[in-house]
Ligand code: XLS
Ligand code: NI
Ligand code: NI
């Protein structure tokens, strides 16, 4: 009786035989809105110029390594479901290198100009920090070769300081000083690798920086440590000549019940309190905005108006599920609203990073293509709609009109800081009452947006 070969051996044979991870897919091409080819773009036409720039340069699409190449499909109720024939499931450096090659084949076929990773996504941890660093160096060599071969660039690097149990109490905000030191060493290395790979940004998502219980937490001390940690990162970047943009990614909860970087406003308050505003911008994620009880547009606008809009993690949540479901966004209203703010404030050196995963039921490799193509198209369409709305001043004219009373003498004086309560009281006592209000016209504006979504 013959013994059936192990699934991993089968998988490896399959990859070696075809020498390609996605044999059934060739490079995705733009075919236009009428196309019914599910492996073609209908709206994303990289070289098409919109609002003075190519779509490629506006959108700076980025594939996340963690969801797309490390996501297993597990959830709190069950294990992995994903079929990933190029991956033998082992934590070996060899497997990590094979996976990296498969990833670049994907980026290339998808025509994605960027990717982003955590250190532990790309390379396995070893038995000690020095072994772990050596593993990362070995895989980074392959990443560099693949970047050179394909022209795909690194949007950002980051350090995973949340998966390993050592970070159970946090990394920079831990109660264990040696874990703080370990985290510092990890970010030092991640910055070096990000620089080596030409990363254009470096992201801090809070991971386990937050608390589960205030009874055991010295919040002031933890936040002071976080501020010190970021200053050390800034100093080290300067020391090694890393000129990428530092980004903080707000999220209100999950995994902790309170994450310190809750939302854009909390992050900016933190950065200002610790004198870090010159060095950091924000990486705004859609599903994090909604978990914080905000619309994505609110978070983008809040960051943008303070000169701190750096990059976006493009995804969406499910309103019926209360967690970070990280789904691919396909809703034109969401992408239009997002692009309205991105066009207003600009995005580079940030990008539209698909921090999104296919559902655990969508377990075949081809689903990775459908997911990314659909969301790239949705953002490309959102870009076109937003550009047209802005070009026509379709919303701005009404906004300007709504505030027009402020353009008169009185408004100018108040805005310039040249009026006091007493002077304003005098004026109103003379007039007896304020001038009457105009309509807010919300429904009209919503109809106008619909018209542009229909026609742009
Ligand atoms: C988790 C975050 C994470 C960051 C990178 O919710 O979105 O994926 O983007 O650490
Ligand atoms: Ni994210
Ligand atoms: Ni997230």
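Heads up, the Cβ atoms here are built off N, Cα and C, so glycines get one too.
Curation does not apply to TrEMBL; its annotations are automatic.
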Candidates 224, 263, 313, 377, the one TrEMBL lists with 249, 285, 355 as binding Mg(2+) 1: 313
Neighbourhood of ligand 1 - recorded positions from 121, 324, 326, 355 with Cβ under 6 Å: 324, 355
Beyond the site residues 285, 288, 324, 326: chain residues whose C-beta lies within 8 Å of the centroid, for Mg(2+) 2: 251, 286, 287, 291, 313, 315, 317, 355
Pairwise Cα distance for residue 118 (active site)/residue 288 (Mg(2+) 2 binding site) [Å, integer]: 18
Nearest-integer angstrom distance between the alpha carbons (Cα) of residue 324 (Mg(2+) 2 binding site) and residue 355 (Mg(2+) 1 binding site): 11
Neighbourhood of ligand 3 - recorded positions from 118, 121, 249, 285, 324 with Cβ under 6 Å: 285, 324
For residue 324 (Mg(2+) 2 binding site), the number of other Cβ atoms found within 10 Å of its own Cβ: 18
Entries of 121, 288, 326 which, being recorded positions, have CA atoms within 10 angstroms of residue 355 (Mg(2+) 1 binding site): 326
Contacting recorded positions, sequence order - 118, 121, 326, 355 vs ligand 2, Cβ under 6 Å: 355
